[in-house]
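As written in Swiss-Prot, here are the features:
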REGION    38-44  region 'Interaction with EIF4E'
MOD_RES   K55  N6-acetyllysine
MOD_RES   K118  N6-acetyllysine
BINDING   200-207, 224-231  ATP binding site
CROSSLNK  K215  SUMO2 cross-link
REGION    536-661  region 'Interaction with NXF1'
Amino acid sequence: MSHVAVENALGLDQQFAGLDLNSSDNQSGGSTASKGRYIPPHLRNREATKGFYDKDSSGWSSSKDKDAYSSFGSRGDSRGKSSFFGDRGSGSRGRFDDRGRGDYDGIGGRGDRSGFGKFERGGNSRWCDKSDEDDWSKPLPPSERLEQELFSGGNTGINFEKYDDIPVEATGNNCPPHIESFSDVEMGEIIMGNIELTRYTRPTPVQKHAIPIIKEKRDLMACAQTGSGKTAAFLLPILSQIYADGPGEALRAMKENGRYGRRKQYPISLVLAPTRELAVQIYEEARKFSYRSRVRPCVVYGGAEIGQQIRDLERGCHLLVATPGRLVDMMERGKIGLDFCKYLVLDEADRMLDMGFEPQIRRIVEQDTMPPKGVRHTMMFSATFPKEIQMLARDFLDEYIFLAVGRVGSTSENITQKVVWVEEIDKRSFLLDLLNATGKDSLTLVFVETKKGADSLEDFLYHEGYACTSIHGDRSQRDREEALHQFRSGKSPILVATAVAARGLDISNVKHVINFDLPSDIEEYVHRIGRTGRVGNLGLATSFFNERNINITKDLLDLLVEAKQEVPSWLENMAFEHHYKGSSRGRSKSSRFSGGFGARDYRQSSGASSSSFSSSRASSSRSGGGGHGGSRGFGGGGYGGFYNSDGYGGNYNSQGVDWWGN
């Protein structure tokens, strides 16, 4: 049976002419390429091709005068001063000298960057020359330059009030009660001041529950939606506890190792992450929440020059963010000791196992000098926790609390999911039409399955005149960081990515995720669409579907239905047909997302929980949803219907949201 959208090829330009998408802002014409135009790595050695142009008029190339790699602190300080930090004074800036910067400011851990500014090793040295009696809970003098750099960017979102409708479930013995505001739990002057500087007004659901659990020194396994504020959920209570307790034996061990020529660092807290990008993002968040403290965060990851990372470590390290492979390397070189590690965090734990890091993780946690479970405080965070991961938690966690916050990866309120039938041969044309309709300030993330496909699609878009970039596993660390910075800054508002970017990347203002190639499993789909709609922002996820994606049909339908998304009838028909054919093989009829959660606590044999926090989702259903596709079955109303007919699965504007920024 051939499932062909019969009108897909008819008059795309004419169909879009009537969509009133503010065509003046969406013209594809432009002038010839300027000297400053970003050129993809695989095209840099080619002779310039005639006809390349920048879309200055449509916003594809940034018109900002500011250099893309300039400091975050370039904007004026219009926040107003924190009421928690009342001792600001201009004379304090002398404590922070200028840091040497790498080319990619905001990425962290490279060049001569020391994280918070270097200090001379004299009487004012901050990191390890202080005595044990120093009060780590008191804030150090401020630095206006550093404050502006750390806190000048970012958007905390506009949709936090809708988080109250997300269901939450906590299981385990004696679960601490959740909080409603950051002030409900004592975290100290430094943390509260930095929360205000970060402009966090209220905790997200995962923060409401995880912060008091961690503050009570309970081990935690948290299954939370992507973009839910997981990083702050563990950094805030860990850092506040370090400020309250001080360095303890770790500082003494570093002093014994040599005051000036120390070679080994003993971090108090260790955060493991699967990818370089996620590790750097966690590190950048740690820099914010350790501002004006004596805690110095560091980051180590593979794919970068190890000598510079060693030199950065030797300046002091209290909180270490690391990828497993590079951390094992540092431990074997004698640069890192885990003897006094009080806090262990495994972020994106399922992804680390998927990537084959289990031997390294067990080497770090079980076969070295790290304190055993019950002595250390351990937390596991992930977007999915299948039973295999939960069983692994038995080895790492002690009397833990299992926390499930919302159904993983998509919320009906924040991410609108659209699925359209597109034959392989038509995908590029469909993509161009989507990009032409996109607002000039919108960031678009396009996912493909292969590295070759990423390069090929970036090459195609580049020749079509779009300012785009790409990221995948074969790119050098420098090229990956440059691509991410070009995307974040808006100079290249289109990022073509493979799965390497699907996990953990926190780019807060991504408006649109496009699955140019759908993944083969639903978990990967969940993580991809989670790149938009992050931390309260509204997002749109569009997926190109055809016969190659039959295997994901049933799970995709289950997810769309549970998220209260509009479902095209052809997808329902395909799911029924595929499910019926596969039923003889024992395929389960229940949704893997049943109950609104991405995972369940395997310890609950009967479904009863020790404690539960829950609230119902918003009851209002999506508009539309009837008569999908009409008599054409899988064809729908052609690509014009992609925007305004039920053949696509609903009208983009049915939510009253202007997705295109016009």
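For all residues, glycine too, the Cβ spot is worked out from N, Cα and C.
Here the features listed in Swiss-Prot are placed on the structure.
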| residue | record | Cβ neighbours (10 Å) |
| --- | --- | --- |
| Y200 | ATP binding site | 18 |
| R202 | ATP binding site | 16 |
| T204 | ATP binding site | 26 |
| V206 | ATP binding site | 27 |
| K215 | SUMO2 cross-link | 18 |
| A224 | ATP binding site | 28 |
| S228 | ATP binding site | 27 |
| K230 | ATP binding site | 27 |
Fill in the CA-CA distance, R202 (ATP binding site) to the residue listed as 'SUMO2 cross-link', as an integer in Å. 18
For the region 'Interaction with EIF4E' (38-44), provide the mean pLDDT of the predicted model. 63
Expressed to the nearest Å, what is the distance separating K230 (ATP binding site) and K215 (SUMO2 cross-link) at their Cα atoms? 15
